[in-house]
């Protein structure tokens with residue numbers, strides 16, 4: 001049970017750190033952290049939790065990562081559903097805490113997005129469904145390929161969290177304008193269910209695309225990686 005608790009708290013921290021920075025700090029006039037700050041917040045959230053709970057659960061913090069690790073032969077199917085449930089619940093708990101904080105400011109507007117992921121008119125840059133799909137599939141695929149490589153037996157030990165955190169930062173720098181960056185169904189669900197309406201109606205993409213990308217990334221790594229990994 002400890003590994004499920006670790007995934008709960010790890011995903012809680014990822015959503016609070018990443019989405020919290022987007023909701024509370026990104027748009028502050030003059031002192032706002034902007035896209036770069038949000039990207040760093042997501043990367044740092046994963047990096048810190050990877051060191052904290054990696055030895056307990058592997059610090060997946062993401063249903064797509066869990067699926068990808070299973071496809072890559074690094075994770076048992078029997079633990080897949082409990083991990084995903086723990087991740088989603090942790091994300092939702094963080095979304096609730098973030099809502100309590102954000103709603104304490106006068107003029108707070110939940111309908112403005114609450115760091116939700118979207119496409120079309122709900123894309124930060126007005127990108128289409130097709131662009132959002134390609135972005136999420138490709139970037140999640142590369143994320144999994146790097147995760148599998150960085151955690152392989154041949155990789156330098158102790159550096160995987162840094163590689164993974166920096167990768168997630170780069171992914172956000174690329175795709176915040178496209179979809180607000182998901183690559184993580186739990187992160188998307190964590191805020192979409194509070195916004196409701198369009199955020200929920202578009203949520204399907206941010207489950208389908210990251211999981212598809214994770215599967216493709218894991219299969220790609222199996223082609224180039226060591227079979228004994």
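Backbone N, Cα and C define each Cβ position, glycine as well.
Taken from Swiss-Prot, the feature transmembrane segment covers 8-28, 33-53, 81-101, 131-151, 158-178, 199-219, and the record attributes it to sequence analysis. Per Swiss-Prot, the feature site 'Involved in tetramerization or stability of the tetramer' maps to 19; the stated evidence is sequence analysis. Summarising the annotation, Swiss-Prot assigns site 'Selectivity filter' to 42, 172, 181, 187.
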Under 8 Å Cβ-Cβ from the transmembrane segment (81-101), and at least six residues away from its ends along the same chain, one finds 3-5, 7-16, 19-20, 23-24, 57, 60-63, 66, 110, 114, 185-187, 189-191, 193-194
Neighbour count check, CB within 10 A, over recorded sites 172, 187; minimum at 172
Which of 8-28, 33-53, 131-151, 158-178 contacts the transmembrane segment (199-219) most, counting Cβ pairs under 8 Å: 131-151
Using Cα positions only, nearest of the recorded sites to residue 181 (site 'Selectivity filter') (19, 42, 172, 187): 172
Return the count of C-beta atoms lying within 10 angstroms of the C-beta of residue 19 (site 'Involved in tetramerization or stability of the tetramer'), excluding that atom itself. 27
If one measures from the C-alpha of residue 187 (site 'Selectivity filter') to the C-alpha of residue 172 (site 'Selectivity filter'), what distance in angstrom results, rounded to a whole number? 13
Residue numbers, six or more beyond the limits of the transmembrane segment (131-151), whose CB comes under 8 Å of its CB atoms: 64-65, 68-69, 72, 74, 118-119, 123, 159-160, 163-164, 167-168, 171, 174-175, 178-179, 181-183, 205-206, 209-214, 216-218, 220-221, 225, 229
Residue 42 (site 'Selectivity filter') has its Cβ surrounded, within 10 angstroms, by a count of other Cβ atoms equal to 26
Let me check the 10 A CB neighbour count of residue 181 (site 'Selectivity filter'). How many other CB atoms are there? 29
Determine, to the nearest whole angstrom, how far the Cα atom of residue 172 (site 'Selectivity filter') is from the Cα atom of residue 42 (site 'Selectivity filter'). 8
